[in-house]
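Down below is the structure, laid out as structure tokens.
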Amino acid sequence: MVSFSSCLRALALGSSVLAVQPVLRQATGLDTWLSTEANFSRQAILNNIGADGQSAQGASPGVVIASPSKSDPDYFYTWTRDSGLVMKTLVDLFRGGDADLLPIIEEFISSQARIQGISNPSGALSSGGLGEPKFNVDETAFTGAWGRPQRDGPALRATAMISFGEWLVENGHTSIATDLVWPVVRNDLSYVAQYWSQSGFDLWEEVQGTSFFTVAVSHRALVEGSSFAKTVGSSCPYCDSQAPQVRCYLQSFWTGSYIQANFGGGRSGKDINTVLGSIHTFDPQATCDDATFQPCSARALANHKVVTDSFRSIYAINSGRAENQAVAVGRYPEDSYYNGNPWFLTTLAAAEQLYDALYQWDKIGSLAITDVSLPFFKALYSSAATGTYASSTTVYKDIVSAVKAYADGYVQIVQTYAASTGSMAEQYTKTDGSQTSARDLTWSYAALLTANNRRNAVVPAPWGETAATSIPSACSTTSASGTYSSVVITSWPTISGYPGAPDSPCQVPTTVSVTFAVKATTVYGESIKIVGSISQLGSWNPSSATALNADSYTTDNPLWTGTINLPAGQSFEYKFIRVQNGAVTWESDPNRKYTVPSTCGVKSAVQSDVWR
């Protein structure tokens with residue numbers, strides 16, 4: 001988000017936010033933690049989507065809020081970029097069998113059709129308005145000062161909707177894709193084709209110029225947009241004319257040793273935006289293509305080392321880490337927003353690129369080391385040398401093992417600094433790793449889900465990278481006019497007959513995300529925790545109790561909440577405790593009792609209490 005200033009953390013009406021900072025944990029049992037954290041992250045995303053999300057009250061249906069945080073910083077808005085990335089994650093989960101997400105995806109597309117038509121400071125539907133970066137959660141224009149326009153949003157939104165549209169066609173619902181999805185997608189593609197070559201603000205909302213990330217995702221959107229248009233019986237000539245020019249321009253960001261993140265801004269150009277560009281244009285059918293900076297390409301791997309190395313010496317929490325060990329990763333080394341810290345999503349992006357590369361090497365059956373990528377490989381495997389190594393060779397196996405361990409190291413850093421409840425804010429501090437900036441950042445949770453899936457070799461559908469090979473002999477920053485039209489989606493036809501659909505046998509989940517909400521008036525420095533008879537609640541040990549958060553606390557509604565993943569059907573007893581300066585006060589007897597739901601399709605629950 002925009003880093004206008006670094007601010008003091010807010011106090012919630014007498015309750016210190018800092019008082020409920022998580023205790024840092026050692027990174028153990030990564031597989032087990034990821035299984036639990038993935039479930040938590042899925043629910044945390046749903047909590048941040050209107051109108052029914054627990055943390056998105058007041059947001060219109062389908063609107064994805066960036067964070068529930070309303071002060072220091074205020075992220076209670078919907079960003080087109082964040083929403084597109086988050087929804088693409090949910091669409092991928094849906095295509096993988098998570099049928100419960102269908103109505104959320106439909107509501108998202110309906111909401112975006114409405115938002116596209118809102119006149120705003122960047123313009124109207126057909127005059128640049130799609131480049132407006134953020135809106136109020138009630139689908140009204142945000143008219144305050146901001147870094148606008150931002151041109152990555154329409155491309156990312158188009159990619160998310162195209163993926164769902166392709167699923168519709170593949171499952172016999174072509175008319176829905178044609179009548180409801182394509183018109184909304186076409187607006188975004190028209191914007192990308194018209195404005196891709198013009199300057200705008202980067203994804204961090206700070207640098208005005210042209211950005212690698214924006215150009216990369218624009219290229220992808222135009223390529224898959226053209227294919228999707230043909231699938232629904234239409235065409236996208238403006239996609240076809242501009243995609244080769246965008247691909248040509250993309251090459252200009254390569255410096256010879258790393259990817260220049262932005263043209264403009266006066267910084268070194270070493271920026272995780274380049275790694276994000278690589279992972280969000282990853283095509284599981286692609287080779288290690290330098291032209292599109294595929295994750296396993298020599299360029300992308302060389303860039304990964306340069307970018308991640310730029311954070312090794314500037315964060316105290318990275319002290320003592322060897323060259324072959326993962327580090328906490330921020331946005332760019334010159335960052336000063338909230339004093340310039342590592343972010344959860346950027347650290348996870350560093351891991352995800354490596355998991356993508358591992359998938360690509362396995363699919364190709366070999367890996368190649370060039371002069372460009374040699375520094376990356378030598379840092380992890382000291383005897384690395386240029387050449388191509390088949391998957392049957394010892395060198396290949398040793399390198400793959402080293403890269404896998406290196407990738408896991410980034411996720412273990414996230415595991416260490418995530419809250420014991422699973423919560424992830426935007427950032428964790430460079431000095432001690434305590435969480436800071438906006439709480440429960442939706443993008444953080446989406447990044448966890450995508451990194452975890454790639455680690456498990458669960459990959460998205462291809463987007464056509466292998467067919468997008470044309471590069472003009474001379475680049476030209478051209479543009480093309482498309483077709484804009486106002487779209488109103490009043491309702492969605494019933495979609496049935498697919499795995500997990502309402503008419504299919506329903507599955508009882510193995511775990512349920514239970515949110516405990518207790519009203520307890522507190523004073524400055526006092527916190528509320530939950531402790532109980534099961535290990536997830538500390539086995540009645542106050543020192544192992546789970547801290548609740550006071551982010552929704554007001555004088556009229558002194559609410560403390562926390563979400564914990566628990567086994568379905570588990571019965572247990574619990575109590576709330578007050579903790580201040582190490583002193584523990586238990587609430588009065590009797591013990592509270594609760595049984596986790598074990599019901600078809602129920603993956604979350606809320607238990608509301610009042611302190612006694």
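Glycine is no exception: its Cβ is also placed from the backbone N, Cα and C atoms.
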Cross-link partner of Cys236 (disulfide, per Swiss-Prot) out of Cys239, Cys248: Cys239
Member of Cys7, Cys248 annotated by Swiss-Prot as disulfide partner of Cys475: Cys248
Cysteine from Cys296, Cys506 that Swiss-Prot links to Cys288 by a disulfide bond: Cys296
For the active-site residues Asp202, Glu205, the one whose C-beta sees the most other C-beta atoms within 10 angstroms: Asp202
Nearest-integer angstrom distance between the alpha carbons (Cα) of Glu205 (active site, proton donor) and Trp146 (substrate binding site): 8
Alpha-carbon spacing, Asp202 (active site, proton acceptor) to Trp146 (substrate binding site), which is rounded to whole Å: 12
